[in-house]
Amino acid sequence: MIPRIRLAVATIPAMAFLSCLRSESWDPCVQVVPNISYQCMELNFYKIPDNIPTSVKILDLSFNYLSHLDSNSFSSFPELQVLDLSRCEIQTIDDDAYQGLNYLSTLILTGNPIQSLALGAFSGLPSLQKLVAVETNLASLEDFPIGHLKTLNELNVAHNHIHSFKLPEYFSNLPNLEHLDLSKNKIENIYHEHLQVLHQVPLHNLSLDLSLNPLNFIEPGAFNKIRLNGLTLRSNFNSSDVMKTCIQGLAGSKVNQLVLGEFKNERNLESFDKSVLEELCNLTLEQFRIAHFGEFPDDVSDLFNCLANASVISLLSLNLHGLEALPNDFRWQHLEVVNCKLQQFPALKFNSLKKFVFKDNKHMHTFTEINLPNLQFLDLSGNHLSFKGCCSHNEFGTTKLKHLDLSFNEIITMKSNFMGLEQLEYLDFQHSSLKQANDFSIFLSLRNLHYLDISYTNIHVVFRGIFAGLVSLQTLKMAGNSFQNNLLPDVFTDLTNLILLDLSKCQLEQVSQRAFHSLPRLQVLNMSHNRLLFLDTLPYKPLHSLRILDCSYNLIVASKEQELQHLPRSLAFLNLTKNDFSCACEHQTFLQWVKDQKQLLVGAEQMVCTQPLEMQDLPVLSFRNATCQISEAVISASVLTFLLVSVAGILVYKFYFHLLLFVGCKKYGRGESTYDAFVIYSSQDEDWVRNELVKNLEEGVPPFHLCLHYRDFIPGVAIAANIIQEGFHKSRKVIVVVSQHFIQSRWCIFEYEIAQTWQFLRSHAGIIFIVLQKLEKSLLRQQVELYRLLSRNTYLEWEDSVLGRHIFWRRLKKALLDGKPWSPEGTEDSESNQHDTTAFT
C-alpha cells in the first residue's frame, strides 16, 4: 500500500490532470474578491454550484451547460447584484427562476438558445437595471415578459429574430428605461402604430439603437413629436434613396444625439448623397455623429446647413476633401474630426466653437493657423503634423484655451512661451519631437497648468529654468528624455504643488542632492529604467508627502550604510526589483535592512542577487549574516549542497508518478490483466469515446473490456492510486486518443508520458495511438516525443466514412487481440463478418 501522506500529495496534481478527462471540472471557481466576486466560467457545470458563499454579489457562470433554470434556481445567493449566464445552453426558464434576487441589478443571458420562457421567468427582480438578451432566439418584444421591471434602465435584445418594431404596451410601465438596443434584428418597416406607446407615455431619456436592421421604410410622421435622447442608424440602408426616405419618416422628432453611418466591415453604400442630410432640416438635433461613409462631395459649403444649430458634430472615418468652405455662422460648440483623410489642415473660423478634436488624420503634415476665439479644448493628437512655431494664441486664434493635446505628431519647434495661452490647465506633447526647448523658459506663462506630459519628446535638458513658471503643476511626465551628464539637477524649483513626477527611462546615473528639495507635496516618483548604481536616499529626504517610489530596472548594487535613514516616513511603497544587487558581506547592513523592510518593499521576494558568483540568482532575502563569519570553502560547499538538494527535489517532484508506477509494477507485474486497454483522452473528445469507441469495442465481437475513468475507478480511493492501479497495472494495453485538445492539455500529455514509462517497465505492453483529427504540424511539434513517435511508428487515423470506419475497427481490434488469451483466428473472423455486415448494408 502507498503511504497515506504520499497518496495525499499525489492526489492534488492527479485531480488537476483528471479535469481534462471528466465532463465536469475539478477546478473550483476563481475567487476574484473573497466572498464577493466569483468567476465560474467554462467549468462544464451542469447545475448551479452549491459551494459558493451566500454573500456573493458578482457571479460569472458563463460558458457552462445550464440547460434548464428551475424556479428559485439562485435562492442561495440573496445578495447577488451581477449574474452572467452567457452561452450556458439555456433552453428553458421556468417561473420564478430568479426569485429572491432582490438586489440583482445586471442579468446577462447572451447566446442562450432559449426555447421556452415562462411568463413569470423574470419575477422577483425588483432592482434589475440592466438586462442583456443578445442572441436568445427572441422573435418579438410582445412575448418578452418584462413589463413589471419598473427599475429597468437598459434593455439589449440585439442579434435576435425580431421583425416588428412595435413597442408593447408594457413600455409605459418602464419609466426608467434609457437604453434600448434592437440592432442586428430583422426590422424592415416602422409605422406610426409601432410607436403608439411613446406618443402616449413619452420616454424622454430613451436612446434607441436600430443599427444593422434592413430598414426599407419609415412611415412619415411616425416619429412626429417624439423626443429621444439618442437614435443610432448604422448600416441600415441598401441605397441612398431608401436612406433619404427613412430619414423623412423622422420628421418632427426631437433627438438629442443622432448617429448615422455604417460600420467598417458592414458597408452597404458606395457613395454618400448629400441630399440625405437635407432631410435633417425637419428634425431638432443637439448632437450629430456620422461615421464610415464612402466618398463625400467635394463641395461641403451647403452640406451641413440643416445642422447649423446643432451643438456637437462628429465626423468619423469619412473620405472628406476639405472643410474650409464651411460657413462661419454655424453655432457648433464641439467639432470632432477623426480619421477623415483630409489632405490639408482646415483653416476654421467659428466664433461659437469651444471644443475641437482633430486626430488620426495622417494624410497632412503642416499645421495651418485657425481662428477660433472661444475655443477652450483642442486635441490635435496623432496627425503627424509639424509646427514651425509654437505656441501662442496667434496659431489657434484664441486666448481661452484650457486643454491642448499635440501628442503623437512630428517636429514641434518652440518659438514662444505660450503668450496669450495663460489659461492652459492641460498640455500634452508626448511622442512628438520638441525643438529649441532649452533656449528659454518655454512654460513661463503657464501659471495655471495642472498637467504636463513631455514624455519621449527627445529633449536633452541643459537649461535649468526649463520648468520655470509652473507653480500650479500637479503632474509632470517626462519619461524617455535625457539630462546633461546623465545627472538630475535642481530643475524643479517652481513646482511646489507637484504630486506626480515620472522620470523613467531618462538615462540617469546620478541624482543631485537638492534635486527634489522644492517638492514637499510630491506623492508619486517614478525613477525606473535608469542607470542608478546606488540607492542614494539623501535626495528623497525633503519629500515629506512621498508615498510611492519606483526605482526598479536600474543598476543598483546596494546603499551606503549612512543613507538608509533618509527615506521619508510617509513612504508606503518602494520598488527595487530588477536591479543588480550585490549580496557580498560588505553590504551586510543594506541586506539586513531589506529583510527588515519587507512590508515597505514591493516584490521583495523577487529581488535577486547578481554577485558574488555563488549567490547569483538567489533571493536577496536568502542572505544570512552568519555566512559572513565562515570561510569561503564552507560557503561554496553550502551553496553546492543547496543546489544539489534543489535539483534532486525537482527531479523527485518531476518524476514522482514514474516512481510510483515503478513500485506498482513490481507488485502487479505478474498478475493477469483485468482490462484489455486503458483509454487516455481529453474530456473534449468524450462524446466520441462513449459513442464510438466504447460501443464498437465492448458491444462488438469479440467483446473487449476497456478501463474508463468515469466507470471503473473505485470510489473512495485516491485518484493517483486509481490511475496507476486500475488504469495501467490492470490493463494489457493503452489506447491514446490524440487530438488538438489532447495536445493542448498539459495533463493529457503528462499521462501519456506515464504510459511511456509503463511500456518501458512492462516490455510486453503496447500503446495504440488513434489520431482523431488531422493535426497541425506546428502544434504537434510542440510535443517532441509524441511527434517523433508518430513519425516513426504506425497509428490509426479516424475517418468518418463507411469504408474508413470498416478499416479502422478491423485494424484496432486486430491490435487489441495481440496477446489476448483466446484464439485470434476465430475472433478475427467473427469481427470481420460483423464489420462487413455493418459497413456495407
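Glycine residues also receive a Cβ, built from the backbone N, Cα and C atoms like all the rest.
Keep in mind it's a predicted model, so treat the numbers as computed, not measured.
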Review point. Do you know which of CYS506, CYS551, CYS609, CYS628 Swiss-Prot records in a disulfide with CYS585?
Key: CYS628
Review point. Which of these links to CYS281 by a disulfide bond in Swiss-Prot: CYS246, CYS306?
Key: CYS306
Check your understanding: Swiss-Prot pairs CYS29 with one of CYS20, CYS40 in a disulfide bond, so which one is it?
Key -> CYS40
Revision key, fill the gap. Lying 6 or more residues past either end of the repeat 'LRR 8' (374-395) yet within Cβ distance under 8 Å of it, the residues of that chain are 345, 351-362, 364-367, 401-416, 418-421, 428
Practice item. Please indicate, using numbers and ranges, the residues of the same chain that are 6 or more beyond the repeat 'LRR 5' (151-172) and have a C-beta under 8 Å from a C-beta there. Key: 126-142, 144, 178-191, 193-198, 200-201, 203, 209-210
**Study point:** For the repeat 'LRR 4' (127-148), sequence-distant contacts whose Cβ falls under 8 Å of one of its Cβ atoms, 6 or more beyond its ends
**Key:** 102-115, 117-121, 154-164, 166-170, 173-174, 176
**Study point:** Mean of the pLDDT scores, which run from 0 to 100, over the domain 'LRRCT' (579-630)
**Key:** 89
